[in-house]
């Protein structure tokens with residue numbers, strides 16, 4: 001689910017609404033209700049429970065190892081990613097179609113976006129590079145088994161997780177200034193409602209083209225997944241060579 005959410009997360013504040021009360025196309029409302037309001041929430045909740053079970057099992061003393069520590073870190077990161085996905089897309093997908101959760105849609109959600117959206121992008125980056133680290137550990141174990149004791153240590157795994165989180169925060173720090181909150185009076189209900197909008201920074205074409213599109217594609221997609229592909233190919237080649245002897 002993580003990879004499918006990447007482009008959606010990246011464009012979540014790009015759509016600037018002219019009005020908080022602007023209605024969506026009926027087909028789009030139905031589509032988002034099914035995909036986001038139902039499927040995303042159900043799969044997300046199942047994913048959270050699955051990650052919790054994985055963390056409990058991998059945290060046992062007899063399971064202590066560098067690879068398991070990386071997997072625990074990845075499970076924690078993915079759990080946060082799932083929660084942010086539910087808050088940003090799952091719950092907001094319910095109201096336009098069903099009329100339920102209006103308070104969340106018009107009050108809570110707009111105030112969450114400036115914080116939850118940057119957090120979501122941060123954990124996306126961390127998830128991609130932690131997955132790369134898992135592949136790197138497997139590569140060392142399979143292709144360089146004599147170096148496992150010195151390279152694949154519990155302490156190094158902790159440094160990888162902490163380092164990746166710190167770099168992900170620094171790289172995505174400008175995301176906290178990409179969104180703002182717009183308020184509007186709803187005369188029919190006699191209340192003030194809110195909606196998230198793109199800030200002036202997010203509307204800047206140079207910033208959007210270079211940082212949002214190209215840098216995102218290169219550093220969040222291309223580099224980690226290319227690295228994973230190369231490492232997995234090397235692992236496959238080594239395993240095939242061993243069995244051919």
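We number each residue from 1, going along the chain as drawn.
In case you wondered, yes, glycine gets a Cβ from its N, Cα and C as well.
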Range annotated as transmembrane segment - as stated in TrEMBL, picked from 5-26, 115-136: 115-136
Transmembrane segment per TrEMBL - which of 38-58, 185-205: 38-58
Selection from 38-58, 70-95, 115-136, 157-177, the stretch that has most Cβ pairs under 8 A to the transmembrane segment (211-235): 115-136
